[in-house]
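Participant: This is the structure I have questions about; it appears just below.
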């Protein structure tokens, strides 16, 4: 193992002269470093292999040889029917957690019509913001529960809450009923499921863990495409109630896959701590979490309001405005894979920072958009570049954590801070937008989101140069 990993795994202990001579990629670091140090944890960053496993891959004239481990140690199969079934189960969980969350933009647009209840844009966005907050925060709670072996309990409870939340939403008539059903019930259920979807996979994969998690995570993009289309197509034909019930049935059918087939490969040796108090004095960690939190503010301004903007301003027809959400989510499928591939060569922070600035520029560009072509192009580009906000922060957090036994705890803490950005993005943007339909403050809204994203990117660049001691061509 490289010396820089031995003394803490910082982002630039020994900066290379160029990207071509840089250290191994961030994702590989995160996996490799954790083989010797990882305590079992249940955070969203469980991209490392289990603690019982210490494989080393040898090379001969015949090519790479299988990993060798000591007697009694767990060896992930890195393939096979059972292992790929776990990936399919993880895909189904992502489909019903982040996929559902990515769908809220069309609910925001529908609620704004006043057909179900009359509330301001800010109040409506609280539903989606609380849902996202619960997904991020409940990983802090479900991680230790997973560590104690209650995996199936989390799967069943989370699945029941998601389906129940949709069913209750289908009979809602008031704002507070929708907030409880969609915001809290669905959000908490998704939060309980999200951790197991990642925590299980390292027991089945080590050398192919990146591929496994990437395939599972792609379920979120597909969910963000399928759910909005089902909802919109059924809305006018059978009404809001049955359109939402259809979503519940889709969730029920797809969640049966992980309930029946997803299995905990290894019971963690020791439950992880919920909090690491030393993190509050680890300034690179603190600064990075604050930068990312600001970035999430800008992210959710665009995700929540682009569909509503297109419909109410006439930039797109009512039908096309609903389709902007699945268009953006379809683009994000590529945005969560291609930037990751680039980050393997140049480092995750070198991709995350410019990605945030580009998202800020696209949000500013919404100020001058008044046509279908313009809003569609921005939706496609924003969907692609916004993928970095989900894919790369976990890798950065892993590399900023010196004690790798605390990676899970730090990850849970980091995403809890990110969740506060979600709360500021949607409701804060709605408050800026106003309630006067004849004088909605779209320019101020896009300026708010664009400034947050751009500031996040600039601060990340500052952090990157601080950690690299002012060097440019360094893999960060």
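Positions of Cβ are set from backbone N, Cα and C atoms, glycine also.
Please treat TrEMBL annotations as automatic predictions, because they have not gone through curation.
These came from TrEMBL, pasted as-is:
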- 1-75: region 'Disordered' (REGION)
- 91-111: transmembrane segment (TRANSMEM)
- 123-141: transmembrane segment (TRANSMEM)
- 153-171: transmembrane segment (TRANSMEM)
- 177-202: transmembrane segment (TRANSMEM)
- 209-230: transmembrane segment (TRANSMEM)
- 242-262: transmembrane segment (TRANSMEM)
- 283-308: transmembrane segment (TRANSMEM)
- 320-339: transmembrane segment (TRANSMEM)
- 351-369: transmembrane segment (TRANSMEM)
- 375-400: transmembrane segment (TRANSMEM)
- 412-433: transmembrane segment (TRANSMEM)
- 445-467: transmembrane segment (TRANSMEM)
Participant: Using Cβ atoms and a strict cutoff of less than 8 Å, what residues sit near the transmembrane segment (242-262) while being 6 or more residues removed from its termini?
Facilitator: 85-86, 88-90, 92-93, 95-96, 100, 151-152, 155-156, 159, 162-163, 166-167, 169-170, 193, 196-197, 200, 226-227, 230-231, 234-235
Participant: Sort out the residues at least 6 away from either end of the transmembrane segment (123-141), same chain, that have Cβ-Cβ distances under 8 Å to it, and list them.
Facilitator: 42-44, 97-98, 100-101, 104-105, 107-108, 111-112, 175, 178-179, 182-184, 186-188, 190-192, 194-195, 274, 300, 304, 412-413, 415-416, 418-420, 422-423, 425-427, 429-430
Participant: State the non-local partners of the transmembrane segment (351-369) in its own chain: residues 6+ outside its ends, Cβ under 8 Å from one of its Cβ atoms.
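Facilitator: Here the qualifying positions are 295, 298-299, 301-302, 306, 309, 315, 339, 342-343, 375, 378, 381-382, 385-386, 388-389, 392-393, 396, 442-443, 446-447, 449-458, 460-461, 464.
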Participant: Tally Cβ pairs under 8 Å between the transmembrane segment (91-111) and each listed stretch (153-171, 209-230, 283-308, 320-339, 445-467), then give the stretch with the top tally.
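Facilitator: Per the Cβ count, the answer is 209-230.
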Participant: Under a Cβ pair cut-off of under 8 Å, which of the recorded stretches 153-171, 375-400, 412-433 contacts the transmembrane segment (209-230) most often?
Facilitator: 375-400
Participant: Can the transmembrane segment (445-467) be said to touch the transmembrane segment (177-202) if we require at least 3 CB pairs below 8 Å and skip pairs under 6 apart in sequence?
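Facilitator: Contact criterion not met.
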Participant: When you check the transmembrane segment (412-433) against the transmembrane segment (283-308), do you get at least 3 Cβ pairs under 8 Å, counting only pairs 6 or more apart in sequence?
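Facilitator: They do touch: at least three Cβ pairs between the two stretches lie under 8 Å.
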